[in-house]
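Asker: Next up is a structure, given as structure tokens.
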Amino acid sequence: MADPHERAAELRHLLNRAGHAYYVLDAPEMEDTVYDRLYRELLELEQNDPGLQRPDSPTQRVGGAPAEGFTSVEHRVGMLSLDNAFNRDDLRAWHERLLKVLDRPSDSRLPLVGELKIDGNALALSYRNGVLERAATRGDGSRGEEITANVRTISSIPLRLQIENPPEWVEVRGEAFIPDATFAAINAEREQRDEALFANPRNACAGTLRQLDPKVVAARRLDFFAYTLHLPGDAQPPGQWAALEWLNSAGFRVNPNRELCGDLAAIQRFCDHWEQGRHDLPYATDGVVVKLDDLQLQDEAGFTQKAPRWAVALKYPAEEAPTRLLRVGAQVGRTGAITPVAEFEAVPLAGTSVSRATLHNADRIAELDLHLGDTIVVRKAGEIIPEVVRVLPELRPSDATPVQLPQQCPECGSNLVREGDEAATRCVNSSCPAILRGGLRHWVSKGALDVDGLGSKLIEQLVDRGLVGSLADLYRLDAALLASLDRMGDKSATNLVEALKASKQQPWHRQLYGLGIRHIGEVNAKALAAAFFSIDSLATAALEAPEQIAELHGIGPEISASLGQWLHTPANQQLLQDLRSVGFSLEASTSEQEAASQAGADADGVLQGKTLVLTGTLPNLSRSEAKALIETAGGKVSGSVSKKTDYLVAGEAAGSKLTKAESLGVTVLSEADLTALLQP
């Protein structure tokens, strides 16, 4: 009788090879009945001896028990966004900037790779010794949500790399998506069950990836194309085309509709071809990604703050459609701003039915010379947000009347005002239900107090039933009352009360941001909180020395004036008093004050005016932790090595940046050198 361990290993190999041939190569090599028999044999072996289970076993694709939630994880390599180009001129301008940063003549030819931009959801896959260890969403580019159990169900993602002697770690980036035919089948099933239909494949994919039950994910049959590869040190292929070939050989599905082009003209032909040919593809694509092929040239070009200079996404022109304007409504934002909304006869755009679009403000209405009954042209900006592009006045009915914005708030009936040169018309009634709902949503949002379990629907119930009239009222709710509301149970209510209680310990800058003061975003809130350790000191400065606020980096007189106006409005003063009564200090903790003081002391520190580059994997510090230490000491972190670089901080698998730094005579530091340099 065969050894169970050897037989299980043999079955894993046979089934994984067959799965790769079927899902990735589209060339089945095993009969379905044979596959099913071998699969059942492996499953039985693993059930009899759980010690035989391995992460790369095909039995692990079906998903385990539902998860309670997702954890946030840091990406080993950041996932930056791409700059966009919307036409040939934009693409040419990007190419000219690239030549300039590479110090090449304007007529130079650069090797470029053209790839289809798949309209799905980006994933980060981490492999350790050839086995899938972790999968995460893109998130904010630095951190994402771990969804490994869900990603294991995607058959075109190998659980084990199909290569001999894989590197110790491999990082892969790619796009999860739902093919058009699969999407149609999913919506047909949902329609039969009388469930809400998904708007488009991208939305369906995003919702599927965040399902807590992997079995639901498996049933929706997601697909995946790999497009980015990160390997340690010298193992990294020399260019993008070679990286795609490596991914293909390792068992990943790589989009076959790609091309290695010798110059910009060839890339433009590639883009033109797929702008027309995309409609014949079995999946959605919303553009072409153009990348510089050569890795050394990529390193030389470097990055801006948010995107690589060596790549660009050429977006296809937005679809447009004519329709008839029926009416113009109005929405009230959390600051009281009135946003006019065009309502028109529904038209299909980019895979969805569209019947509403923002008109932004009164100036936009005047610019369009909009009349009720007009024939308007609508498009989706970036194929996401509907907008009115223009009016066709030659089709205007003789009895059409100009669109007028309301004079009273549609929510509370108060008179609307328009201050100075502002484009926005506003409701200034602090008791307006719409302003209250928006303020509550902002207060509990992730960047502010980050209260889990308090969504828009629940906020609407609380406001509409008169249970909450201010931010402070949230903290007077008890579990019994919450449990009586729609879609709330005892456990959900108890968890929400605990989450609200915990939010009182959020840092001072989050509390300040959560107040929703006009022009005070997250960055400005941090700057203000670091300079003024309490709401009282901030209010005093706003009254007696507003120039102190205006002089802060990134603030200025307009923001200072807005802050002063808010702080000295009686209704807001009452709100601050109420927040204190429910347990908010509205001031920085001792540790926050010490950290801010230290940061201020280090503003002229050892790295003031210095430019550093990070490369490789540091033994103890994450990339973001090292960056924070450098910036706290007054230094600047750049994405590329140049003659202006003062220090290169190099970890394991430093790669080409280390080579370039050494050739330029840049001082190279280890993590230990960096921490020693920062010691007082």
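Each residue, glycine too, has its Cβ placed from N, Cα and C.
Pasting the relevant annotations from Swiss-Prot:
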BINDING   ASP32, THR33, VAL34, TYR35, ASP36, SER81, LEU82, GLU115, ARG138, GLU175, LYS291, LYS315  NAD(+) binding site
REGION    47-66  region 'Disordered'
ACT_SITE  LYS117  active site, N6-AMP-lysine intermediate
BINDING   CYS409, CYS412, CYS427, CYS432  Zn(2+) binding site
DOMAIN    602-680  domain 'BRCT'
Asker: Need one number: mean pLDDT over the domain 'BRCT' (602-680).
Answerer: 76
Asker: Other than CYS409, CYS412, CYS427, CYS432 themselves, what residues in this chain have Cβ atoms within 8 Å of the centroid of the Zn(2+) site's Cβ atoms?
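Answerer: Near the Zn(2+) site, beyond CYS409, CYS412, CYS427, CYS432, sit VAL332, GLY336, PRO410, GLU411, GLY413, SER414, LEU416, ASN429, PRO433, ALA434, ILE435.
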Asker: For LEU82 (NAD(+) binding site), which residues of its chain lie six or more apart in sequence with Cβ-Cβ distance below 8 Å?
Answerer: VAL289, ALA307, PRO308, ALA311, VAL312, ALA313
Asker: What's the number of neighbouring CB atoms sitting within 10 A of the CB on CYS427 (Zn(2+) binding site)?
Answerer: 25
Asker: If you measure CYS427 (Zn(2+) binding site) to ARG138 (NAD(+) binding site) at Cα, how many Å is it?
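Answerer: Each residue's Cα considered, CYS427 (Zn(2+) binding site) and ARG138 (NAD(+) binding site) end up 37 Å apart.
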Asker: Within 10 Å of the residue listed as 'active site, N6-AMP-lysine intermediate' (Cα to Cα), which of the binding-site residues VAL34, ARG138, LYS291, CYS409, CYS412, CYS432 do you find?
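Answerer: So far as Cα distances go, none of the binding-site residues lies within 10 Å of the residue listed as 'active site, N6-AMP-lysine intermediate'.
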Asker: How many other Cβ atoms are found within 10 Å of the Cβ atom of LYS117 (active site, N6-AMP-lysine intermediate), counting all protein chains shown?
Answerer: 22
Asker: Just how many other Cβ atoms lie inside 10 Å of the Cβ on CYS409 (Zn(2+) binding site)?
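Answerer: Neighbour count, Cβ to Cβ under the 10 Å cut-off: 23.
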Asker: Pop the Cα-Cα gap between CYS432 (Zn(2+) binding site) and VAL34 (NAD(+) binding site) into the table, whole Å please.
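Answerer: Just about 67 Å between their Cα atoms.
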Asker: Cα-Cα separation of CYS409 (Zn(2+) binding site) and LYS291 (NAD(+) binding site), in Å?
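Answerer: Cα-Cα, rounded: 50 Å.
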Asker: If one looks at the chain holding ARG138 (NAD(+) binding site), which residues at least 6 apart in sequence have a CB under 8 angstroms from its CB?
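Answerer: Once residues fewer than 6 apart are set aside, ARG138 (NAD(+) binding site) is near MET79, ASN121, ALA122, LEU123, ALA124, GLY144.
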Asker: Per 10 Å Cβ neighbour count, which of the binding-site residues VAL34, CYS412, CYS432 ranks highest?
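Answerer: The residue with the densest Cβ neighbourhood is CYS432.
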Asker: At a 10 Å cut-off from the C-beta of LYS291 (NAD(+) binding site), count the other C-beta atoms across all protein chains.
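Answerer: Taking every protein chain into account, the count is 25.
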